[in-house]
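So the structure is just underneath, and the comments pick up after that.
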Amino acid sequence: MHDIRALRADPAAFDAALGRRGLPASASSLLALDADRRMAQTRLQDYQARRNALAKEIGQGKRQGIDTSMLEATAVALRDEMEALEARSASLDAEQKSLLERLPNTLDAEVPTGPDESANVILKQVGEPISLPFSARQHFELGEALGMMLFDAAARLSGARFVVLRGALARLERALGQYMLDLHSTEHGFTEMQVPALVNDATAYGTGQLPKFTEDLFRTTDGRWLIPTAEVPLTNLVADSVVDEASLPMRMTALTDCFRSEAGSAGRDTRGMLRQHQFHKVEMVCITRPEDSDAEHERMTRCAETVLENLGLAYRRVFLCSGDTGFSAARTYDLEVWLPGQQAWREISSCSNCRDFQARRMSARYRGADGKVAGVPHTLNGSGVAVGRALIAVMETYQREDGSIDVPAVLRPYMGGLERISA
């Protein structure tokens, strides 16, 4: 949510920020609405003062035995006018909130300007794309040949964009998630959390999924939402609260199922596990002081990179451009991993600094050592990493010509010492 005071202070900058997102200028209409809203509030305060003065005058008159019928009639008329003005003020408040809540976060000045992913900037690359001495197969070809990746069975159970994993591949995916959680909680200073997979409207609103992106979510018949990422419940743990500055930064991590409708992905990645309705992901969330959020963003991104480095996967860090940065983010780094079977770089992690955008939506604050509210914290989130995509990358990177798959050394303790997966 945007701070209306910032809009009042510099409407030109506000419109320029919207322009970078490819959106039309809105400052003038928002300021006109804001002026009407503030005028209604001022008039309402004047009416309240008049009502209080009348009540005092009526009370004094009655104590003195004076006829107060005229004053009482005036008070009744004033009450009716106040009710109409209160309704008008509430309507203007709701209209302003509705307009502001649909506008995306302001991008950092350093974010590259561009219309789509073609304008993203590669910041660094670690490792070279592996070149196998045989024709590399894609993960679904490997998994189906092993009899451990059952797409037809999943389609019978649930429809398209689901998978059933079996045997050693199911264990390998579990090992990846456990390894990531252990790494983040024991070496990276994150507190492991278990969170609900169902959230209410207010929670989905706080992180920016609602009201704009309902088509991307699954909703239950009782009106709750399946989480698209653990970012949603983790970040909202500070909603409607004031946290102590001494407790910041709050670093949390969780491994959850994630659910996405993939409404805008028709025809894309229809084979395999790359784009599914249900998948596992390890998420990292940080709540921090504004002055520390840049350092936390770099730290969080490095935590995700460490996962890929320890798995021996080639990756690159990409700075998302203005047209590719998500609704709630002020800046985002994507990590893309090399998939030998696809001969392509594919996103495996996205790490975002949302500044105070989400915290304002969820009414989060922090207090200093003196007990006074010091300000609005910054929120950050990042994949640490997508477990299914890590499984894909491991399968394609560590495949052998006979279709077997070597298990990366860091995962073998989670696999009972198994070194190779074969039919």
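First residue shown is number 1, and so on along the chain.
Positions of Cβ are set from backbone N, Cα and C atoms, glycine also.
Listed in Swiss-Prot:
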- T229, A230, E231, E283, S383: L-serine binding site (BINDING)
- R260, S261, E262, E347, I348, S349, S350: ATP binding site (BINDING)
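Here the Cβ of E347 (ATP binding site) has 17 other Cβ atoms within 10 Å, regardless of which shown protein chain they belong to.
When the binding-site residues T229, A230, E231, E283, S383 are screened for a Cα within 10 A of the Cα of R260 (ATP binding site), the ones that qualify are T229. All protein chains shown were included, and the count of other CB atoms within 10 Å of the CB of S383 (L-serine binding site) stands at 28. With a 10 A radius on its CB, T229 (L-serine binding site) counts 22 other CB atoms from all the protein chains.
T229 (L-serine binding site) carries neither a helix nor a strand DSSP state and counts as coil. When the alpha carbons of S383 (L-serine binding site) and S349 (ATP binding site) are compared, the span between them is 5 angstrom. All protein chains considered, the CB of E283 (L-serine binding site) has 29 other CB atoms within 10 Å.
Its Cβ taken as reference, A230 (L-serine binding site) is surrounded by 28 other Cβ atoms within 10 Å in the chains shown. Spacing of T229 (L-serine binding site) relative to E262 (ATP binding site) is 13 Å (Cα to Cα, whole number). Around the Cβ of E231 (L-serine binding site), a 10 Å sphere holds 30 further Cβ atoms from the protein chains shown. Working note on the binding-site residues S261, S349, S350: by count of other C-beta atoms within 10 Å of each C-beta, S349 ranks first.
Around the Cβ of E262 (ATP binding site), 14 further Cβ atoms fall within 10 Å across all displayed protein chains. In sequence order, V232, L234, A254, T256, C258, K281, V282, M284, V285, N381, G382 are the residues of the same chain, not among T229, A230, E231, E283, S383, whose CB sits within 8 A of the CB centroid for the L-serine site. Within the same chain, the residues at least 6 positions away from I348 (ATP binding site) whose Cβ sits under 8 Å from its Cβ are L308, Y315, L335, E336, V337, S383, V385, A386, R389, A390, A393, listed in sequence order. The two recorded residues, A230 (L-serine binding site) and S350 (ATP binding site), show a Cα separation of 13 Å.
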